[in-house]
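Taken verbatim from Swiss-Prot:
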type     : residues                                                        : note
ACT_SITE : K117                                                            : active site, N6-AMP-lysine intermediate
BINDING  : D34, A35, E36, Y37, D38, S83, L84, E115, R138, E190, K306, K330 : NAD(+) binding site
BINDING  : C424, C427, C442, C448                                          : Zn(2+) binding site
DOMAIN   : 608-698                                                         : domain 'BRCT'
REGION   : 690-726                                                         : region 'Disordered'
Amino acid sequence: MNNDHLTRRVEALREQIRYHNYRYYVLDEPVISDAEYDALMRELRALEAAHPELVTPDSPTQRVGAPPGEQFAKVQHVVPMLSLANASDEAEVRAWYDRVVRLLGNDARVAFVVEPKIDGLAVTLIYRNGILVRGATRGDGETGEDVTANLRTIPGIPLRLGAFASNPEGQTNGAPVQAVIPPLIEVRGEVYMRIADFLRLNEQLAASGEKVAANPRNAAAGSLRQKDPAITARRPLRFFAYGIGQIEGVQVQTQWETLNLLRTLGFPVNRDARRFERLDDALAYCREWMTRRDELEYEVDGVVIKIDSLAQQAQLGVVGRDPRWAIAFKFPAREAVSRLIDIVVNVGRTGVITPNAVIEPVNIGGVTVRNASLHNADYIAERDIRIGDYVIVKRAGDVIPYIVGPIVARRDGSERPWQMPATCPACGTPLERAEGEVAYRCPNFGICPAQITRRIEHFVSRGAMDIAGIGEKQVQLFVERGWVQDVADLYTLTPDHFANVEGYGPKRVANLLSAIAGSKNRPLHRLIVGLGIRYVGEVVAQILADHFGSLDALAAASADEIDALEGIGPAIAASVAAYFARPESKALIAKLKRAGVRTEAQETARASRGNALAGKTFVITGTLPSMSREEASALITAHGGKVSGSVSKKTDYLVIGAEPGGTKFAKAQELGIPMIDEAGLLALIGSGRTADDQATPASDRRAATASVPPSDDAPGSPRQLDFDLT
């Protein structure tokens, strides 16, 4: 076989295998037997083994090709992967629809796409010129983990895109028809595990003495985050695509078109997605799903209702972290009956005493539940919940177990009423209860060991300072040995502390201390979250960081100054001011500074909000000198601006590079839209001047670009299709 013929045969085999993968994973309609498929793979592997120079990264044989890694790199999402607002009943869905109609106008025609809400792990996949170049987890919605090597092992995720609208005529086993592949496309979807596959996996893990997973979602998440891709490859993971983050060269107008495009490109798309013109029909389909829940081959925790039109999605926008154009209609929580063995209290980081139920183990939705929330003392008293009662246990949102109430008819007289203890179980301090509040608190803020432990656990958590390698056991060790009395003491730990501690070898200690040191430069809002101030979560912390810019400025602010900020109410303001008024808080900030922790906002972070780009829409055309279009888009959005894929009256500025697209350039001239180049964009961001100071009027731009012939704008610039769902 000569080289040309060999090359053609190898490529033909790859195309056939990709096509049959599409038939199997996307259409669920294979046209060849497993034996025939295996024969194709064997031939391809044999040819590549004999001629390694023909091996390419996108070959079907190369799904497992990366060595085990120590950790996953962080990935910044260009388009945020947002969460979803939830509805627990049809009334809440209709209320959402009423808000949509008010925002769009009563005469707007609205269609809906209803999709199953798969209970898995949200991921994003980036393809350049049809080749998978990066895959990442959702993470916190803005930053995820690079798990490309592991995602490549999932058979349903194409390594190379194709257009599979039809099989070539007369070619039962032939290659698919090819069409235009987007130069850039970011695909969003869900990695999951079928219930039957999950049960088989647990049997295998148990037989080999390994820890079994609690449910399919945990199994999928754990499998995807294996350090060794070879382990992930052995796990029965699957993938459904449901959205696009950004795209070049292809325009879609609706969510329904998006799903069809994804299917055509070779991605598995859930066949149960439906489009409806009327909300009543969409809700009827949701009810049908609820009745079929236990018949499905995979776990779902609800359905997602989306506005079909992408233009209407853009008009509706986002509130907080939730898109206004979609809602998750959650299924009723699963429930079971168990016996209440005891009620114990936990001490939170702010001193709140929370009662928790210890129950006889019971399986709810695939999870063995031994503890459940009782909320507060009033909740227990109002429902007359007693130790020894048979109680109804639910998992709210299929996640958090809680006690609904007792089954009074099953009482036999042995049940005992419960009362909140008078003193803190951790330090013995008398508990207090403020007027008008339901919570009891331990006021021993600076000394109570339970509060110290909880504050440190909160400080190192992913939503705060995100210090890898420190969990509940490590914090308990630090506190019990007297090494750490507050969060600032973490930065005083040295190798000597661990010299005689079993399980802490040199490498583990080095990694631990490196992670602690690396957290010193976290964004200011993460540090504010980490302090554990009552009522202060990520959103409030971001508002405070953006406005004050440093812990010193925030600490010096009065409650009235804080209350004046949009999004901050009097209760939050009072809590923040009270926290920083405490002597121990002032001492803690001083210790953090001495330890080298950044207590001021980074300039680039502060510039990302409220600067000259805020509220402005940019379009990028041509090749920029020092950055890709994706990087330029990220830069603009990081500094408060928006990026669009086409020029319109709503466009504020056109960023021009070499060989600009003729369509965009001409449209900008027609509309008189100001134009800036990369240097102007960077100067704008760096100087804080308005973009108009950097812009060249469209009428003056012709001479500067006359030597560059306008090109057809076919590939287009990245078109960001709003926000993704999880």
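Just so it is clear, glycine is given a Cβ too, placed from its N, Cα and C backbone atoms.
Closest by Cα distance to C442 (Zn(2+) binding site), from the recorded positions E36, L84, K117, is L84. Taking only the Cα positions, the spacing between R138 (NAD(+) binding site) and K117 (active site, N6-AMP-lysine intermediate) is 15 angstrom. Compared over the recorded positions K117, R138, K306, the count of CB atoms lying within 10 A of a residue's CB peaks at K306. The number of other Cβ atoms within 10 Å of the Cβ belonging to D38 (NAD(+) binding site), over all protein chains shown, comes to 11.
Note: the CA-CA distance between D38 (NAD(+) binding site) and C424 (Zn(2+) binding site) rounds to 65 Å. In sequence order, V347, G351, T423, P425, A426, G428, T429, P443, N444, I447, P449, A450, Q451 are the same-chain residues whose CB sits within 8 A of the CB centroid of C424, C427, C442, C448, the residues recorded for Zn(2+) being left out. When the Cα of C424 (Zn(2+) binding site) is compared against those of the recorded positions E36, K117, K306, the shortest separation belongs to K117.
Burial estimate for the binding-site residues (L84, C424, C427, C448): highest at C424, by number of other CB atoms within 10 Å. According to DSSP, D38 (NAD(+) binding site) sits within a helical segment. Here the CA atom of K306 (NAD(+) binding site) lies 12 Å from the CA atom of the residue listed as 'active site, N6-AMP-lysine intermediate'. When the binding-site residues E36, C442 are scored by other C-beta atoms within 10 Å, C442 scores highest. A gap of 68 Å separates the Cα atoms of C448 (Zn(2+) binding site) and E36 (NAD(+) binding site). Separating the Cα atoms of E36 (NAD(+) binding site) and C427 (Zn(2+) binding site) is a whole-number distance of 70 Å. Cα separation, K306 (NAD(+) binding site) to C427 (Zn(2+) binding site), rounded: 51 Å.
Between the CA atoms of C427 (Zn(2+) binding site) and L84 (NAD(+) binding site) there is a gap of 41 Å.
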